[in-house]
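Undergrad: Pulled from Swiss-Prot, these are the listed features:
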BINDING   C3, C6, C18, C25  [2Fe-2S] cluster binding site
BINDING   H249, E273, C317, C405, C433, C458, E492, K494  hybrid [4Fe-2O-2S] cluster binding site
MOD_RES   C405  cysteine persulfide
Amino acid sequence: MFCVQCEQTIRTPAGNGCSYAQGMCGKTAETSDLQDLLIAALQGLSAWAVKAREYGIINHDVDNFAPRAFFSTLTNVNFDSPRIVGYAREAIALREALKAQCLSVDANAHCDNPMADLQLVSDDLGELQRQAAEFTPNKDKAAIGENILGLRLLCLYGLKGAAAYMEHAHVLGQYDNDIYAQYHKIMAWLGTWPADMNALLECAMEIGQMNFKVMSILDAGETTKYGHPTPTQVNVKATEGKCILISGHDLKDLYNLLEQTEGTGVNVYTHGEMLPAHGYPELRKFKHLVGNYGSGWQNQQVEFARFPGPIVMTSNCIIDPTVGSYDDRIWTRSIVGWPGVSHLEGDDFGPVIAQAQQMAGFPYSEIPHLITVGFGRQTLLGAADTLIDLVSRKKLRHIFLVGGCDGARGERNYFTDFATSVPDDCLILTLACGKYRFNKLEFGDIEGLPRLVDAGQCNDAYSAIILAVTLAEKLGCGVNDLPLSLVLSWFEQKAIVILLTLLSLGVKNIVTGPTAPGFFTPDLLAILNEKFGLRSVTTVEEDMKQLLSA
């Protein structure tokens, strides 16, 4: 086992990465190794997808499957070894079908990629785990050095984050051939074990640029189906009655659940990154979408244990449900998996609803506590002139984007302390689950404009980028000249690709933490600092002083 893709990875003087029987996330060495094998199979599939496009062949089954299966290897998504192997077998079957399509056009069709003809050696998980040792990401570290390995992983993990957003967009009916062609090209190239530093740096920026397009079609998918988010108050306390909790990012799953629970007497609560769903008109129209429950994903083992109904996980982040003894009432969807828990293969939530009706639910309604979400792209753009007016009248000094992933490390209190230390004449724009560090606090307003503006999920960084570009155009300056600072928390691969997106767009002087990714070497950090001004958080006082004086 070698895995260094998330913030909680083991860090020692000898090196970083989880490399024992179990990773810090709870992933076993077996599952981790089989995910490496799956990635190799997906690289071979992408290699043939690239070749097929040379013949004008676009196989939509391949395009639909590849990013989704890659998504299953993202942190806290799928811990079920047999399902990971199932994805690998499906990847190889699709590859062979695509290869046959190519050979039907050109009998000499050949794909020159190390992964192009990969076959699984056995049905036995132990044998497959031994085969996976050929594809462990650090197998040639001694030959290439830590810097090249770190850049490879930056590209691999960044592309994994983009694949997750591609899948989110795909389930909403969004498809862009250029994006998929680019994805396959990069995935196939990474399967060649590249070792050129400049080429890898260029690839990282290409992934960031591609992901901007992915976020654009995801935004289109969400707003086309569910309307543009508008500011909405959400209750974060319990309402009397039977209940279901839904977590993750998949708004389509939420919509289907709301449709199927309507009239059943079962209330629905959002959790984690589902919180922004309350801002969408076509979702909040369901009166039994009664509120948001819980806090950051890392607290779920306590909070889920207390929730008096079933829980549905639509994407990341799931952690061991046996700890809180709620594994008999947690359900996984799509690419999510945990050994021994119930998995929903399709869109029928009937079994979940039946379980909710058999459980007690909340015995009484608590005194409501309302927070505001729903500052989507249209709302943000509609406020652009107001922001400019406040800046020109010196009522608004600075905007801080404080957001990103949450996690369990104590150092993450930095982001709470930072938000509460922002001066009263400054605004906080937030997104992703890092907001749970401070989103239930009261920040007041500036002439009626809330000082805390919740822009949505992690992928809604797209809205923040569009707002920044609009403000810069209206003010006749560059984005980096705006009174705007980005203070980002990272945990997993979606955050990595958001960072690459921002860097590829030329955004500079981003402050990130609480720690640097474990695959970043001192040399890589120095390169990113020199090129982009990227740096790690220090103290709240020092960072605030520096950002306000920039």
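Even glycines carry a Cβ here, placed using N, Cα and C.
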Undergrad: Please report the Cα separation of C317 (hybrid [4Fe-2O-2S] cluster binding site) and C18 ([2Fe-2S] cluster binding site) in Å, rounded to an integer.
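TA: Per the Cα atoms, C317 (hybrid [4Fe-2O-2S] cluster binding site) and C18 ([2Fe-2S] cluster binding site) stand 18 Å apart.
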Undergrad: Quick check: with C3, C6, C18, C25 left out, which same-chain residues have Cβ atoms within 8 Å of the centroid of the [2Fe-2S] cluster site Cβ atoms?
TA: V4, Q5, Q8, T9, G17, G23, M24, K27, S32, T75
Undergrad: What Cα-Cα separation, expressed in whole Å, is found between C405 (hybrid [4Fe-2O-2S] cluster binding site) and C6 ([2Fe-2S] cluster binding site)?
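TA: Computed Cα spacing between C405 (hybrid [4Fe-2O-2S] cluster binding site) and C6 ([2Fe-2S] cluster binding site) is 11 Å.
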Undergrad: K494 (hybrid [4Fe-2O-2S] cluster binding site) has how many other Cβ neighbours within 10 Å of its own Cβ?
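TA: Around K494 (hybrid [4Fe-2O-2S] cluster binding site), other Cβ atoms within 10 Å: 33.
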Undergrad: Looking at the binding-site residues listed here (C3, C6, C25), whose Cα lies nearest to that of E492 (hybrid [4Fe-2O-2S] cluster binding site)?
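TA: Of the binding-site residues C3, C6, C25, C6 has its Cα closest to that of E492 (hybrid [4Fe-2O-2S] cluster binding site).
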Undergrad: Run through the Cβ atoms and count how many others sit within 10 Å of the one on C433 (hybrid [4Fe-2O-2S] cluster binding site).
TA: 27
Undergrad: Around the hybrid [4Fe-2O-2S] cluster site formed by H249, E273, C317, C405, C433, C458, E492, K494, list the extra residues of the same chain whose Cβ is within 8 Å of the site's Cβ centroid.
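TA: My list of surrounding residues reads G272, W297, N316, A432, Q457, F491, A495.
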Undergrad: Measuring CB to CB from C25 ([2Fe-2S] cluster binding site), give everything in the same chain under 8 Å that is also at least six residues away in sequence.
TA: C6, Q8, C18, T75, N76, I319
Undergrad: Please report how many Å separate the Cα atom of E273 (hybrid [4Fe-2O-2S] cluster binding site) from that of C3 ([2Fe-2S] cluster binding site), as a whole number.
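TA: If we compare the Cα positions of E273 (hybrid [4Fe-2O-2S] cluster binding site) and C3 ([2Fe-2S] cluster binding site), the gap is 25 Å.
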Undergrad: Give me the CA-CA distance between H249 (hybrid [4Fe-2O-2S] cluster binding site) and C3 ([2Fe-2S] cluster binding site), in Å, as a whole number.
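TA: Approximately 24 Å lies between the Cα of H249 (hybrid [4Fe-2O-2S] cluster binding site) and that of C3 ([2Fe-2S] cluster binding site).
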Undergrad: Looking only at C3, C18, C317, C458, the binding-site residues on record, which one has the least crowded Cβ, with the fewest other Cβ atoms within 10 Å?
TA: C18
Undergrad: Round to the nearest Å and give the CA-to-CA distance linking K494 (hybrid [4Fe-2O-2S] cluster binding site) with C3 ([2Fe-2S] cluster binding site).
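TA: That comes out at 16 Å between the alpha carbons.
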